[in-house]
């Protein structure tokens, strides 16, 4: 049984289907004319224009005033010697008839001179050979390209860098834990080295076929998604030679001026998030510059009647659209709701409030809308501003929206109280309608569809255990409750792993009757190197130091090593219930960005990327907490 061709591909997020239009090659008939003939055509048109201007200029002497129908023209004036204090306005009257005739004669003489100059230049061009003309054209092209590169490398305004703690270190004292951490690092080396050999510059790797791989979320271009996604993991692990190789490729080859349609959400969390994290960790300006260049390319996606962005945007034309399958062309909650962290940092680093304003507009619009049972549906029409199908999920399509409400509050040094209230209200409704306990005592998060609860939980929803624990601190008298809820979700997700032949979790699992934490449909039995369960283990370890979470994480690492490792990298598997599974032959970029990073942090000390100084985006890219005085949050003088 083959895996469906179009699956959810990344973190908390992407739609389960992708029915975008197929790509077809563009064929252009090429008409070859000699360069001399083309030049003659251009010159003929220019000469005709000149003579037309000469003979058919209107007789301006009939007009006593300048055009625009103004009797007098007001011109502002500043005394250069005395500055703005002595600025004033001069009243200039229209010219007299004699002066106008002189002006007309001057224009006629200028046209004659320009005409003669153009003819002389044309004669000189026609004397040159075809090769000389081609060389001149190539020189002009090179000059334009160089000017564009210089413009791209223009430095951004300097800003105060937040106090960055815990970039290095985390060496465990226990020898056994240290060995486990070194093993995770070796797995990262294996994944990276094979990508570099067989897929360098491509978005992802096919480790069995040993060639590059891509999906339509990245468009048709080779954008090096694995390079950008893996940078901060390489840096944190101390793989600095590999980090420098990635930086050089980004400097020389990462180009966003391509005719390619990409997912706004995916390139935001993977590319902008990855580049920003690499900048903060290393201090290398090129990462900040590239992040801003890409962000500018995403802004046209917000040009909708409501300001809710399209799911897809063409990086060259700026034309946007939505997934055809998404509830009559709706935008998706987990996509337009997962931009806040990166866009706030973009405004902070550039001093340009446009990014902050875009995401705050989304928030304000959502606050005004009615929510059925207090729940946010997964679909919103960007044209009408109305909800689409009433489907609510903490897994795919909805998940990272709730995550970013909490993390907006954390990233603001817990001053964005508006985001915190939205998070608390949403979680209260989720607890009431979606979180249930099975007959066997497992706590799970179902999905709300048209007034009914579907007792199915996705691997993507397993991140919520970590989210509940991360948000417990601000829950006042309910902190203990959310720590316990997070632990219960972690246990349920561990059971979904433990009840398979490979000890790896399926894409989703049911809670119907005697069936608990087990996938029923064949199309839900695959594992594509996802990180969410290990992510929750890490958060639970950080907040409780209960050794079971390190044990569960190590079990998962061994299962990945045993069943997913191949000679050319790591691959997902198509059936976790089969003892001899087939591989899907894809090494996802998020495996390097998230899965291996969370495993490495799980076996590191708490002083590596401490959570009171760093907030991880939904692709596990760490961004520093921004104190109110340095941010573009509302009320900050920087905005005013």
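Keep in mind that glycine also has a Cβ here, set from the backbone N, Cα and C atoms.
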Transmembrane segment range according to TrEMBL, out of 37-57, 58-78: 37-57
Candidate recorded positions 462, 493, 507, 618, pick with smallest Cα gap to residue 266 (active site, proton donor): 618
Inter-residue C-alpha distance, residue 462 (disulfide bond) and residue 507 (active site, proton donor) (nearest angstrom): 10
Protein Cβ atoms within 10 Å of residue 493 (disulfide bond), excluding its own: 28
Rounded Cα separation (Å) that holds between residue 507 (active site, proton donor) and residue 493 (disulfide bond): 11
Average model confidence [pLDDT] within the coiled coil (101-143): 75
